[in-house]
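Marked as domain 'Cytochrome c assembly protein' by TrEMBL: B:90-297. Per TrEMBL, the feature domain 'Cytochrome c-type biogenesis protein CcmF C-terminal' maps to B:316-622. For B:6-28, B:97-114, B:126-143, B:176-196, B:275-293, B:313-332, B:353-374, B:394-414, B:426-445, B:451-469, B:481-503, B:604-625 (among others), the entry in TrEMBL reads transmembrane segment.
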Amino acid sequence: MTITKRLSIIVPLALFIAFVVVALVGLETPQNAPIESQVIGQPLPDFELEGLNADNPGLAASDLRRGGPVLVNLFGSWCVPCRLEAPQLAQLAEGGAVVHAIAIRDERRDVERFLTENGDPFARIGLDPRGRMQIELGASGVPETFLIDGNGVIRRQWIGQIRDEQVPEILAELERWK
Amino acid sequence: MIPETGHFALWLAAALAVAQLFGGWHFLRRSEHEAALRLLVPAAAAQGILCLIAFAALIWAFAVSDFSVALVANNSHTAKPELYKLTGAWANHEGSMLLWVCVLAIFGAVAALRVRALGARFRARLIQTMGAIGLGFYAYLLISSNPFARLPNPPAEGAGLNPLLQDPGLAFHPPLLYLGYVGMSVTFAFAVAALIERQVGPLWARTVRPWVLTAWAFLTGGIMLGSFWAYYELGWGGWWFWDPVENASLMPWLAATALFHSVGVLAARDALRNWTILLAVAAFSFSMIGTFIVRSGLLTSVHSFAVDPERGLFLLTLLALYVGGALTLYAVRAGSVTHGAPFRPLSREGALVFNNLILSAILGVVFIGTLYPVVLEALGGGRVSVGPPYYESALMPLMLALLIVMAIGPFLRWRRSQTGAAARRMVPALVTAAIFAAVALAVGIRGVLTILGIAIAAWLGAASVMIVAGKGARRLSAASAGTAIAHLGVAITALGIAISAAGSSERITNLAPGETDRVAGFAVRLDGVEPVAGPNYTSVRGLISVLVDGRVMPLEPERRAFISPMQVTTETDILPLWTGNLYAVIGDNDAEGRWQVRLHWQPMIALIWIGGLIAAAGGLVGALAGGRRRRRERREAAQ
Amino acid sequence: MTAAQTRMKPKTQRLIMIGAAVAALIVAALLAMPALRQGAAYFYAPADLAAAEITPGQAIRLGGLVEEGSVARLPDGITMTFRVTDRLESVPVRYAGLVPDLFREGQGVIADGRMQPDGVFLADTLLAKHDENYMPPEVAEAVERAEAEAKARSAPAG
């Protein structure tokens, strides 16, 4: 067998292996938004959001500066994945996490119905009818979940629906910022 | 119970795939071919039936809106129109993978029953390989993407009312594509069996040819349907965006196109043995790579979906196993495949080799452009996007060269190089090309590349018609007819691309009701807007009048606001005329009650899809040709 | 054909074939490389853009959120201006044409275009991010296939 022939036989395999390696590296690289939040490590600005009703007083920046790490979940009653992550949020709350929520561009009535249908693991819920907090938190969609340390500094961001296997990771993160 | 039946049928089918793989092994090692076939053929046939049962079970769950099935709850809704409830069954990840294995199992069953020409041993190897391919996908489906998973607390209403998915183009384009992608798995199995049994030759090529052509025709149809869908639904007047998702379907198409041309050389001249085998492996590899790219989220990062990396890894593992395995087998065995016949460069086979080289170069350019962002990011070079300018400038010369080879090739004879005779026979086609170029110049089309494109497309079109005319209807074989039809289709598409690219004009304007504007010489008036209420949306419809040759024609683009989920979609309206399409989109209104309207004039753009469908039909004719010849051969053998 | 010719041929043949294949590879590379240099647009967030040296006129891709209250339409009724922000920095953008269906204040947007010498980003194409809710991969994939609402097109020809 000539060398050229041997090469022409091996080259396809080599090219394919190169592709697999690149694909593996590509899969390992986080695929998060190009619009990753630039606000990790930044303090939250002041804000105050209205609550649902008399029993649910709303959410303000001061609620996030009480010395312990908390989660803030951005959701919308109109958003399909937000329904799907409801059980995971419930697990987080059961695991001892304080989970606050901000309802983005939503109606009171729809939020109430969403909570009856999907459960309410939230400590406090703020209404954000114009989606202002999305900008403040550097979120590009819903659902997104943020970890705020006890001093009101944004520490972590989870983009998209929280999956089952992420629950322990998030609880561990909360432990870390205690 | 019905979803459980479907789930059970899938497990049974998977068990049969195991039986095919290992049972086949057992018998073939002792050279008991007939015994192997007595196991393998019924197993493959039963697999096809079981997969159909599973698929029917899923369709049923969607039809009756059984929200206790998680997939239905997430992707369906009782308010959906009936048709889209059914098509919703495959408009999601799990369902589409079930469709994939279902098509795979049916192709496997048909191949097991019909591929006899290459002997019992080859047939057994083929079925065994199909079983091995099926097994991986069953594992993928049953382990990581079970479509029949139940919900403990079924919701009263489903969550899937995505208006985007309620569209005929989107509903039927995936199944067509899958018929193409998965069809390539049969040719892949042919290649693997041929490598194992060292049976590469003209008979192999003739047997595999109808499979390649059928898969290619489906792939062509699927790509064309997707392109047409993008054209009328995306609302910006383009028909191809060089999006990774589109490239994922284009790459296997290019490999398959090269494949059946080199299969032709192998069948007629017993040359290009290794190369043909390699292409057969490549065609299926690119089908899988395409599926992997779309599903793993490897290349969709700019759209930032939460993608499950585990699924990507699973698919990559399957890809590595199958393609890596086949290529290793190729590396081990290709050296021992004996050499085929030599040939001259200026002959039919010479032209086909050229065609293969150009197609490979095109494939390379598309592959590089698609993967460049991933490679660069993996190397830490930042985020880039590679868009139409790259593809257009890199591919244009290759495409023109390919069209020229296509026009000349069918006029050359096998073996012989007789340039004089071929050139003489080309004269009428060249005259046609000159006429088209002159007409294009006369109607005001400018640009060297455009005129060249139109002339070459016309040349190819005329040359294709002459294949038929030259032979006369009686002496025309179905295979030549298939070539002629497919080449004519490509010529028509190329003509549509060149003319619409050169002659399109666009006008974005801001009109108050009653005001008039012009696009490409057509007077366009916005008469007003009217509100429309749909089943699950409200809409604003623009009432536009266009003056065409003294007649008033309506254009009514809409802007729909869906209620659940909240979403706005633009519905374009297209006025098809003989000379081209008028295309209108309506946008927002401002405080003074003026509406943004975008108008496109796209001459001859419909030729792109018409040509594509003709080419696909040509592929099917070519596939039938193989069947006819085989029947004749069998008859002759019997006599 | 003589016996000598038939013996010689396959080897020459193979050399020609390999030569042709190498030539095709080189042609593809020659066509792809310059096109890639010109046709690939780098992605920047506003903060990156402030730090990076961008030559005006170079094709780039700008991504971020449409700043609240920044969207305005010029008197011609077609050109619109807005700011794209990542909260640290924000960049003024000008775009002539119909905005995509999902374009909204506070939403993610990706703009293809180039920086002007005056510091305004002139966008040819806007992509509103698919959806304000992150869809599960299965829906996302179907919609991804669609590429649907995400694309809107561009300034008038010429």
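Including glycine, each Cβ sits where the backbone N, Cα and C put it.
Contact between the transmembrane segment (B:313-332) and the transmembrane segment (B:275-293) is supported by 3 or more Cβ pairs under 8 Å, counting only residues 6 or more apart in sequence. The list of residues near the transmembrane segment (B:353-374) in space but at least 6 beyond its ends in sequence, with Cβ under 8 angstroms from a Cβ of it, reads 242, 244, 247-248, 250-251, 254-255, 257-258, 261-262, 265, 272, 275, 279, 286, 293, 298-299, 345, 383-386, 390-391, 394-395, 398-399, 401-402, 405-406, 409.
Listed as Cβ neighbours of the transmembrane segment (B:126-143) (distance under 8 Å, sequence separation of 6 or more from its ends, same chain) are residues 10-11, 13-14, 16-21, 24-25, 28, 37, 40-41, 43-44, 47, 94, 97-98, 100-101, 104-105, 107-108, 111-112, 115, 118, 185-186, 188-190, 192-193, 314-315, 318, 321-322. Recorded stretches compared: B:6-28, B:176-196, B:451-469, B:481-503; the one with the most Cβ pairs under 8 Å to the transmembrane segment (B:275-293) is B:176-196. Model confidence over the domain 'Cytochrome c assembly protein' (B:90-297) is summarised by a mean pLDDT of 88. Sequence-remote contacts of a segment are chain residues at least 6 beyond its ends whose Cβ falls under 8 Å from one of its Cβ atoms, and for the transmembrane segment (B:394-414) they are 268-269, 346-352, 354-355, 358-359, 361-362, 365-366, 369, 422, 425-426, 429, 449, 452-453, 456-457, 459-460, 463-464, 467, 480, 483-484, 487, 490-491, 494.
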